[in-house]
Amino acid sequence: MEGGVHEADASAFRECFSLSWRNPYVLRLAFSAGIGGLLFGYDTGVISGALLYIRDDFSSVDKKTWLQESIVSTAVAGAIIGAAIGGWANDRFGRRASILVADFLFFVGAVIMASAPNPALLIVGRVFVGLGVGMASMTSPLYISEASPARVRGALVSTNGFLITGGQFLSYLINLAFTNAPGTWRWMLGIAGVPALVQFVLMLLLPESPRWLYRKRREEEAEAILRKIYPPDEVEGEIQALRESVEAEIEENKSSEKISIIKLFKTKTVRRGLVAGVGLQVFQQFVGINTVMYYSPTIVQLAGFASNQTALALSLVTSGLNAMGSIVSIYFIDRTGRKKLLIISLCGVVMSLAVLQYLPGYSAAATTPWDCMRCLKASSPDCGFCASGTNKLFPGACLISNSTVKDLCHGEGRLWYTRGCPSRYGWLALIGLALYIIFFSPGMGTVPWIVNSEIYPLRYRGVCGGIAATTNWISNLIVAQSFLSLTQAIGTSWTFMIFGVLSLVALFFVLIFVPETKGLPIEEVEKMLEQWELSFRFWAKRPEKIKNNSGV
């Protein structure tokens with residue numbers, strides 16, 4: 001099967017990068033499709049910085065928290081639709097065609113956002129971008145997975161995760177580069193169309209997924225691509241495994257009804273794969289990652305750093321750590337395994353969220369009549385706090401919040417606060433953010449996408465991948481739409497405590513419901529799911545046959 005079952009160890013990491021010399025074609029496929037991850041990451045990161053300046057340009061956005069959340073979350077709503085359509089389009093028209101459509105939608109959205117004269121049109125552009133991101137988010141890892149040799153599949157799909165985090169890091173660099181340029185946020189959002197255009201051109205020059213071609217009875221095209229991907233001593237075994245998989249699917253089609261939700265859950269291997277895959281996608285969002293990425297500069301301001309530029313610069317650090325975590329994932333994913341990486345990741349996330357509970361936010365007690373906390377909590381968003389000129393922790397002035405008053409405050413060499421307040425413990429929030437990203441990125445950041453690209457049988461892969469991606473974006477929407485409102489209603493400490501509890505639930509979910517797929521050829525994963533059984537006593541040893549497959 002795919003050249004045999006390969007032991008995944010440290011050599012997988014080295015072999016992945018040696019492909020650049022021995023078989024650059026595989027890396028070309030992976031990185032070209034992975035630009036879809038770059039688009040995903042760029043949009044996630046860029047809006048967090050652009051929002052600071054959109055609030056400055058549109059007073060209605062600055063004064064209405066729900067409008068800020070709408071600008072962020074309408075892209076997520078578009079992504080829900082894009083992911084749902086993407087699952088169907090992947091099976092009907094192919095992986096490559098779906099990526100091309102995603103690039104077109106993203107480019108159109110970037111142009112609309114850059115030229116938006118009001119918040120309404122900006123939101124329309126965000127919807128178009130969301131449609132593109134939603135399709136790309138589930139198609140890119142699927143395309144890479146189906147065009148990768150088994151022994152390095154995890155590492156190559158991780159390049160998609162690396163490009164997601166790389167896109168986030170790039171977006172913060174772009175945000176910083178345009179902080180003093182005319183039209184600031186327009187440049188930040190508009191430049192997103194460039195990578196979409198680049199990927200569109202690259203994908204025109206690349207073939208369709210060989211597994212999709214084989215399923216559509218275009219065997220000669222599929223075999224020609226597989227011969228470019230696999231070495232001569234492995235390719236015949238891979239072709240034979242793929243042929244058997246497709247023939248078994250054809251036999252099943254003759255004796256069963258068309259794909260439906262009922263059919264999916266009646267099929268044991270698909271049901272088990274969906275529980276693991278969809279659950280991971282839900283918890284990836286519910287542990288709070290996109291509150292950190294969408295609102296990272298805002299969180300930094302909540303910690304007491306008033307300047308937009310300072311907030312963006314400090315957020316750049318967390319974004320850089322996110323990208324570094326993806327590189328760590330590429331190294332360990334085929335060495336340590338998917339499940340162990342998830343467990344280590346979630347343990348660290350719980351610990352870092354415990355630290356983030358000490359974020360000052362609105363929850364600290366006021367100690368003087370014109371204390372910053374009392375000013376903002378009592379009258380936000382109509383008032384701002386002009387800190388003392390001698391010490392920002394001393395009592396200052398609570399004033400009407402507008403650009404004129406803000407400029408007067410800055411003119412006196414004093415700091416202006418509207419989101420958070422100065423604090424002696426603001427650095428603790430930065431440590432919490434850094435720890436959160438360091439632990440989240442290598443595990444929960446990349447593994448859910450890898451598992452969903454390999455855990456479903458070929459016939460159901462597009463539909464199930466679409467269901468999982470759609471679920472991810474719905475969860476993303478819930479978190480993105482509620483975060484700022486939660487921080488205002490119950491305070492930042494309680495908000496991050498909720499994420500911490502959800503992270504504990506996610507940890508037990510992984511221990512019980514997620515099997516290990518390390519080193520298994522795609523066709524072999526289905527056989528593993530047939531044998532694998534749930535065990536709520538996850539600490540107990542399993543029979544050897546199951547243990548070898550499940551990694552539990």
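The backbone N, Cα and C atoms fix where each Cβ goes, glycine too.
Per TrEMBL, domain 'Major facilitator superfamily (MFS) profile' is recorded for 29-518.
Residues 61, 68, 71-72, 75, 95, 99, 102-103, 106, 119, 122, 126, 129-130, 132-133, 136-137, 139-141, 143-144, 147-148, 156, 159-172, 174-176, 179, 184-185, 188-189, 192, 195-196, 198-199, 202-203, 206, 229, 290, 293-298, 308, 311-312, 315, 319 of the same chain, all 6+ positions outside the transmembrane segment (29-54), place their C-beta atoms under 8 angstroms from a C-beta of that stretch. The transmembrane segment feature in TrEMBL is assigned to 29-54 (among others).
Marked as transmembrane segment by TrEMBL: 66-85 (among others). Packing against the transmembrane segment (66-85) from elsewhere in the chain are residues 43, 47, 51, 54-55, 60, 102, 105, 119, 122-123, 126-138, 294-295, 466, 469-470, 472-474, 476-477, 480-485: each is 6 or more residues past its ends and has a CB under 8 Å from a CB in it.
Summarising the annotation, TrEMBL assigns transmembrane segment to 97-117 (among others).
Long-range Cβ contacts of the transmembrane segment (123-144) within its own chain (Cβ-Cβ under 8 Å, at least 6 residues beyond either end) map to 29-30, 33-37, 39-40, 43, 47, 70-71, 74-87, 89-90, 95-96, 98-99, 101-114, 116, 156-157, 159-160, 189, 192, 196, 209, 449-450, 452-453, 461-462, 465-466, 468-470, 472-473. The transmembrane segment annotation in TrEMBL covers 123-144 (among others).
Look at TrEMBL and you will find 156-178 (among others) tagged as transmembrane segment.
For 184-206 (among others), the entry in TrEMBL reads transmembrane segment. Outside the transmembrane segment (184-206) by six or more residues, the chain places 28-29, 32-33, 35-36, 38-39, 42-43, 46-47, 49-51, 53-54, 57, 96, 99-100, 103-104, 106-107, 110-111, 113-116, 125, 129, 132, 167, 171, 174-175, 178 with a CB less than 8 A from a CB of the stretch.
The annotation transmembrane segment is assigned in TrEMBL to 273-296 (among others). Same-chain residues lying 6 or more positions outside the transmembrane segment (273-296) and placing a CB less than 8 Å from one of its CB atoms are 44-45, 47-48, 72, 168, 264-265, 315, 318-319, 322, 342, 346, 349, 353, 433, 436-437, 440, 444-445, 447-448, 451-452, 455-457, 464, 467-469, 471-472, 475-476, 478-480, 483-484, 496, 499, 502-503, 505-506, 509-510, 513-515, 529.
The feature transmembrane segment is assigned by TrEMBL to 311-333 (among others).
As annotated by TrEMBL, transmembrane segment applies to 340-359 (among others).
Per TrEMBL, transmembrane segment is recorded for 425-451 (among others).
Marked as transmembrane segment by TrEMBL: 463-484 (among others). Packing against the transmembrane segment (463-484) from elsewhere in the chain are residues 65, 68-70, 72-73, 76-77, 79-80, 82-88, 90-91, 134, 137-138, 142, 259, 264, 270, 273-274, 277-278, 280-282, 284-286, 288, 290-291, 294-295, 298, 448, 452-453, 456, 495: each is 6 or more residues past its ends and has a CB under 8 Å from a CB in it.
Residues or ranges marked as transmembrane segment by TrEMBL: 496-514 (among others).
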Intrachain neighbours beyond the transmembrane segment (425-451), with Cβ under 8 angstroms and 6 or more residues off its ends: 137, 141, 145, 154, 157-158, 160-162, 164-165, 276-277, 280-281, 283-284, 287-289, 292, 296, 299-300, 302-305, 314, 317-318, 321-326, 328-329, 332-333, 338, 341-349, 351-353, 355-356, 358-360, 472, 506, 514, 517
For the domain 'Major facilitator superfamily (MFS) profile' (29-518), provide the mean pLDDT of the predicted model. 80
